[in-house]
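Here's the structure we're looking at; comments come further down.
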Amino acid sequence: MGRYQPPDALAFPRFAGIRTFMRLPHVQSPEGVDVAVVGLPFDTGATFRVGARFGPEAIRSASVLLRPYHPFLRVNLFEHLSVVDAGDAPVAPGFIEDSLRRIAEFLTPWAAAGVILIGLGGDHSVLLGELRAVAAAYGPVALVQLDSHPDTWDAYFGHRYTHGTVVRRAIEEGLILPQRSIQVGLRGPIYGPEDWEAARALGLEIVTAGEARALGLEGTARRILQRVGDHPAFLSVDIDFFDPAYAPGTGTPEVGGFASWEGLTLLRGLIGLPLVGMDVVEVLPAYDPAGITALLAANVVYEVLALLAARRRDGLPAVALLGARPEGM
Ligand SMILES: [Mn+2]
């Protein structure tokens, strides 16, 4: 079993204990850790509703319901992985560029130690902080983005750092490789065709929600796996990928999205993806009175932990850090 894992829920019930993610140990050093869950409680990069700063707290609270075995991938998460909750990254509320720097600084030693990062947002702008830390460790990564929006605007009200510009900034900073990256789930009213054309012009592959439905969940998963190949990948799940009927608690909801089971099934299809990090962002508890959005977000993380555990179980190697990889990878 992994060095760090949750307490046995049949000896100490799930509703008891301190609310870390899945009641994992709160550990602040990367030694002996395979995967670290980190809260990113920043939300003033949002262009519409704010309040996602309370997302990590809500996701942690919902996550205690999760159990350790994944019946479809037939894997016990903690038999293969040592997982911790590293707490929250420090942020400066209202000051996005400073917060992104603080997030990157907080995450850098974890990424540099080869720990796989799982970020709990926070609005989508936090992705830039995560990618700075991850790219410093692995070089530019393949971004797999499940989202109803491409987040590739150049500016919003003349400002370059918001949750709607984060992917363009990441490309400009050389943190992701557009030719290995893919965005799935785009839909909804947009300001003009340029909103999506800009993402394609940056070299990203786009699979709109309609195209994903036509491809089917398996076909869409195959497209993602083909696009990434064996390149180190970061998976970013904006909870607005899901239909607001399933995820109402979010900043910029778009109807016509995916059901919970569709998204979870798509994630399961990504088995083998060489992940070095992931996040689930834009969970806004104030608009989530029944807690279903936070519960879904916790289950998204569970699916990814299962993918990581299955990769270990199947004997696939950990993704090598930058200095340890042959050139060109
Ligand atoms: Mn987004």
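Every residue, even glycine, has its Cβ placed from backbone N, Cα and C.
Taken verbatim from TrEMBL:
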BINDING   H124  Mn(2+) 2 binding site
BINDING   D147, H149, D151, D238, D240  Mn(2+) 1 binding site
Inset, instruction - Give the helix, strand or coil assignment DSSP yields for H149 (Mn(2+) 1 binding site). - result: coil
Legend entry - Residue among the binding-site residues D151, D240 whose Cβ has the most other Cβ atoms within 10 Å: D240
Legend entry - Cβ packing number for D147 (Mn(2+) 1 binding site), 10 Å threshold: 22
Inset, instruction - Could you find out if DSSP has D240 (Mn(2+) 1 binding site) as helix, strand or coil? - result: helix
Inset, instruction - Within the same chain, and leaving aside D147, H149, D151, D238, D240, name every residue whose CB is within 8 angstroms of the centroid of the CB atoms belonging to the recorded Mn(2+) 1 site, in sequence order. - result: H124, Q145, S148, P150, H163, G185, F241, T252, E282
Legend entry - Other C-beta atoms that fall within 10 angstroms of the C-beta of D238 (Mn(2+) 1 binding site): 28
